[in-house]
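Chemist: This structure is in structure tokens; I'll ask about it shortly.
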Amino acid sequence: MNNFNIVACLILLGFQAAIVLAEFNYGEALDKTFMFLEAQRSGKLPFDQRVKWRGDSGLKDGALQGVDLVGGYYDAGDHVKFGLPMAFSVTMLAWGTIEYRKEITNLNQMGHTLWAIRWGTDYFIKAHTQPNVLWGQVGDGDSDHYCWERAEDMTTPRTAYKLDEAHPGSDLAGETAAALAAAAIAFKPYNSSYSELLLVHAKQLFSFADKFRGLYDDSIQCAKQFYTSSGYSDELLWAATWLFRATGDEHYLKYVVDNAVYMGGTGWAVKEFSWDNKYAGVQILLSKVLMEQKGGAYTSTLKQYQAKADYFACACLQKNDGYNVHLTPGGLMYVHEWNNLQYASAASFLLAVYSDYLSAANAKLTCPDGQIQPHEVLNFAKSQADYILGKNPKSMSYLVGYGPKYPTHVHHRGASIASISVLPSMVSCVQGFEAWYRRPEADPNVIYGALVGGPDQNDGFNDDRSSYEQTEPTLSGSAPLVGLFSKLESLSGNKGPYHKRPTTEQPSQNYHHQETSVPSTKSPGVPPVRFLHSITNTWNVGKTTYYRHKVVIKNTSEKPITDLKLVIEDLSGNLWGLSPTPVKNTYELPPWLEVLNPGSDCSFVYIQEGPQAKVSVLSYQ
């Protein structure tokens, strides 16, 4: 080969490498995934809602039962708020945030991520009205499916269904506990008060789930034909594992060890991870504890958990001595006929996380068919993400709005009917079917970021609204993509903007917390003030994200407080609203505020990058 040919080959190889590197823009896919989550919001929509074809809906949810259940997420293409898949989705969003905090922050997506989690957790807090009461569903699947109408026009019953001591649901209560515990970890660096509140509810719900055992769909029977639970043991182990990670309390680790055999944690070898089956998630989370050498006296049982985690990963990678997850000819994991991509997305996220755990421990995956390097585990997860985004026999992106070819007849009521802002007159149940459901034209509203059910076991796909197994999107399918796309984007080398939207859908990165308190402490000697932390704004300067922190100081006692002095640690930015003292890190109330009367409050703000500062009381009169 002459020099010219060698140079030409090198240029061609370099060009091909560049194509592979930039084959998919995972950052764009991530941003559009958040758009789908916004499209699924129920309740009063915020001012910075980007999906403008949606409006307020479900504003009286729970009213007939005397409880406020406004908010949360619609499950899929319908308008039922199913508690089990919604809670699993929030757990996945929070887990992605925990594992890939740096990557999400670097992509300037932390604001959208926290809001996506909080839209669910605020609803769960409302739904947990008493320690042993959880409202688990709003709406009825049967009546809802008789109608094809926009959420803003809903005429179907919005009956709310609850779990209590006489009507238990260990699976649903356990999953909700897991979601709140995981969210508590995700929020801790940004809003410690909200994080503590989430943990209070998580602990109560886990106790409720464990003490009063039963299947949720025996108590909420109208959920059975839509989200049938295969058991609740996995959710109890899952919730305890997340509470251990959130609190470090060995009591929860002991629970998963003591119940490892009885609840199947070390017995079930699975090839599925989903809203219904959490065993693989439990096994991989506990493998992390083992690999970090934090197992102590529980090490032998944790090794049994890891053996099952390895079984799952090996089955996905086709290295499990024939006991493997089925792959389509095009290489997609195929688990179930209905909405298969939700199983592929959840498994892919789990594999990406496990590859990180293995890498951190300098370990390999040991399979019956040989040892696997961590990067090979991640490469398989990437192959599933790439299939979703267009690297498949159909050359179709199954993420709506991404790429040049994607589904345009999505089984989704809101997407398929003209927006209420365009067509203000009500669209009735029958009219929705006749004029819109059967309409051959493409959806009038592009539901960006919706992960549809996907192709069949032979990679075939029918872009038809009536083919709901293939064209309906779900929350539980999209939620794992947040962590997966964040991880892959951090490795891809892509730069620049991620999503070119119409001017009516410009992003907002502000994260406006509601200021939420935690239960007050009445113990003797505790200063009678409560601190309410919140983040009221975020912005980027170059690659650095800055947060505007607001702290409200509230006098919770029945006596006036004077001469209050605060110690503020880990403060790296500027502070307004307090007066510095000669003592390092010590501040006092401004001169014009000599007394903080009972029940009154004042506030101060500071701006810095990263986690919030630590505020404590030094002294007071």
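The backbone N, Cα and C atoms fix where each Cβ goes, glycine too.
Residues or ranges marked as signal peptide in TrEMBL: 1-22. Positions annotated as active site by TrEMBL: His411. Annotation source TrEMBL lists region 'Disordered' at 454-479, 493-525. Under the heading compositional bias 'Polar residues', TrEMBL lists 468-477, 504-523. The feature domain 'Carbohydrate binding' is assigned by TrEMBL to 529-611.
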Chemist: In the domain 'Carbohydrate binding' (529-611), how many residues does DSSP call helix, how many strand, and how many coil?
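Modeler: Tallied per class, the domain 'Carbohydrate binding' (529-611) gives 0 helix, 51 strand, 32 coil.
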Chemist: Just to confirm: which same-chain residues, 6+ apart in sequence, have a Cβ under 8 Å from the Cβ of the residue listed as 'active site'?
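Modeler: Residues satisfying the criterion: Gly77, Val452, Arg465, Ser466, Ser467, Tyr468, Thr471, Glu472, Pro473.
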Chemist: Using DSSP, how many residues of the region 'Disordered' (454-479) fall into helix, strand and coil, respectively?
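Modeler: Breakdown, helix to coil: 9 helix, 0 strand, 17 coil.
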Chemist: Across the domain 'Carbohydrate binding' (529-611), what is the average pLDDT of the model, as a whole number?
Modeler: 83
